[in-house]
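Participant: Let me give you the structure first, and then I'll get to my questions.
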Amino acid sequence: MVLFFNPFDNLVCILLGISFTVWFTLLLVFIIVPAIFGVSFGIRRLYMKTLLKIFEWATLRIERGAKEKNHPLYKPYSNGKMSKSKITFCEEIKEIRRSGSNRDLDSASEFEMSDIFYFARRGVESIMDDEVTKRFSAEELESWNLLTRSNNNFHYISLRLTVLWGLGLLIRYGFLLPLRVTLAFTGVGLLVFLTCLVGLLPNGRLKNFLSEKVHLMCYRICVRALTAIITYHDSENKPKNGGICVANHTSPIDVIILASDGCYAMVGQIHGGLMGVIQRSMVKACPHVWFERSEVKDRHLVAKRLSDHVEDKSKLPILIFPEGTCINNTSVMMFKKGSFEIGATVYPVAIKYDPRFGDAFWNSSKFGMVNYLLRMMSSWAIVCSVWYLPPMSREEGEDAVQFANRVKAAIARQGGLVDLLWDGGLKRGKVKDTFKEEQQKLYSKMLKPTWAPLTE
């Protein structure tokens, strides 16, 4: 047999070997090593400032081009809020009756057909000014950030702008996406491997110390996999052992955002697949609180497990998102009262994302986890601010619901979010009958004088 030597193949192998060596050397020097020691070279913040300059230029070009072509590419931004009438429920009904009847309004307490118009009008207003369902869709941007998905009405404006968008597409999918995928696999792989090693050590200070360092290092690598630029405020209020950290919930990456600045005990349901492997490895090095599927609905069991955890002051603070679902970071919705019934010190945390660089909101009814992560890793960056609020405790005479609302209001106020009383469960469920009954009770009070003799 005669073997032919092709020098071109040898050259290709050498070039590929050099490319991979340079690639992983750059990763190690500029990303992995800084993540281990918790330092930053300021490259990401310089990158963010550069993006802002480009966005400003692109916005000006779009406005100028749209103006020259009389093309309504952008409409004035509106937050959808309508002016509310300050008159009471009864006065609104009387106003409608006054326009269609000459009867004595004070004595007309029985039902009239014209009353239907009040409920029809309120229904239309609720549809137009729906402050609930719009919290489950991506936040509207005032300007274009050169991502196709942020402006479905994009049309050809100028050659320069189209070339810039194409160049951005090439950079995001040709350079940033492979880099971020590599970092994500590196961070997750190290987390599983190193936590398993730490788990072999006997319980003690050394194990706790190494577990904390391993978790911080791996989460910081995962943060860099998203090109996350995070600003932490008031670090003196960071959660302490034996407490409960509660935060508003926008995305699964909220966990990574917070855990890259401090270690927490996670709470959640046990999963299978890759997530299950990660959970089992993490719990070997740190006492997280995982529940079986059959245990999640047992409120007493969940409360007991959480109480036992916070009573041990040597254990990490528990991280909980009381909303129970992801909201689009424009508001904070109703907090479930379970974590506020335990009696532990609560450490509120407000998280606010900047949607100009990438939308962090996970619309789970529209995108699966893999699709969502792909969108995150192909965005420009994830930019957010985190505020650690002063610890709060349940006051005397205050029930769990009132305590939860007080904490929620503090988070909304600090993060510049709208404080809503609605349940985030409306994302997939129907409106509770109690909300419907409130409107029915208001209307029945008008008719009560007519019905009173019949109930005696």
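Positions of Cβ are set from backbone N, Cα and C atoms, glycine also.
In TrEMBL, annotation is done automatically, which means it is predicted and not curated.
Features from TrEMBL:
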type: TRANSMEM; residues: 20-43; note: transmembrane segment
type: TRANSMEM; residues: 157-175; note: transmembrane segment
type: TRANSMEM; residues: 181-201; note: transmembrane segment
type: DOMAIN; residues: 243-354; note: domain 'Phospholipid/glycerol acyltransferase'
Participant: Within the same chain, where does the transmembrane segment (181-201) have neighbours whose Cβ lies under 8 angstroms from its own Cβ atoms, ignoring anything closer than 6 residues to its ends? I mean 6 or more beyond.
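Facilitator: Answer is 23, 27, 31-32, 207, 210-211, 214-215, 217-219, 221-222, 224-225, 277-278, 281-282, 284-286, 373, 377.
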Participant: Across the domain 'Phospholipid/glycerol acyltransferase' (243-354), what does the pLDDT come to on average, as a whole number?
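Facilitator: The average pLDDT of the model in the domain 'Phospholipid/glycerol acyltransferase' (243-354) works out to 84.
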Participant: When DSSP states are grouped into helix, strand and coil, how many residues of the domain 'Phospholipid/glycerol acyltransferase' (243-354) land in each?
Facilitator: 35 helix, 26 strand, 51 coil
